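For 87, the entry in Swiss-Prot reads active site, acyl-ester intermediate. If you look up Swiss-Prot, you'll see 211, 239 marked as active site, charge relay system, on the strength of similarity to another entry.
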């Protein structure tokens, strides 16, 4: 956000994808926002989407989040954005919140990891994105005698865990575009030091009630441990609200940001 010469500032949303996804997953939502006169930007993190970097050589969260950090650092003076993070992309949002506090007017977590900087995540959240079945396949970029460097959901589980309420066309699209996520990038996402200034930025949590990957109990625990200023529930959404309920999600985003203008 931010304007020149007294002009009304244009609200600017920046979207951060979750594991294996990319900027492409926000296409429905950004279309709605752009048509309504807002500005939207979707970021491909390192090794995701159309990034040319192999996720197996992404070593930490700083490298993974570099495209997001570059975008924020290049914003004009006094220009602020609303960050929206999905799934484990919530960790990227929180890290950006700590590093670029003065560039962010609101942080929105969509079925996302939301851990307070300086806190220790609850043991109940240790398997936050893992189902009971063996739903993941791993890549070993440094050899099978070393820890895995990448992870991707097995094709037969994609619809159930990611897109159970989403249109089949979006499931088909996603199955062609998902990429292995860099495991090492996620190891330090929730290990940020305390940051009192970041705590002052309004946060919003949007729950997904029919989520087979990130269940309501875990989402509720995140909200309880670090209460946001606003909480919304998408009753008919699977893990990927940008596909299953884009118009409702659009309405909730507008409702959330309306509080900034009061």
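Placement of Cβ uses the backbone N, Cα and C atoms for every residue, glycine included.
Features as recorded by Swiss-Prot, highlighted on the structure.
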{"residue": "87", "record": "active site, acyl-ester intermediate", "CB count, 10 Å": "27"}
{"residue": "211", "record": "active site, charge relay system", "CB count, 10 Å": "24"}
{"residue": "239", "record": "active site, charge relay system", "CB count, 10 Å": "26"}
**Report entry** the residue listed as 'active site, acyl-ester intermediate' and residue 211 (active site, charge relay system), Cα-Cα, nearest whole angstrom
**Finding:** 11
Report task. List the Cα distance (Å, whole number) between residue 87 (active site, acyl-ester intermediate) and residue 239 (active site, charge relay system). Result -> 8
Report summary line: DSSP, reduced to three states, assigns residue 211 (active site, charge relay system) to coil
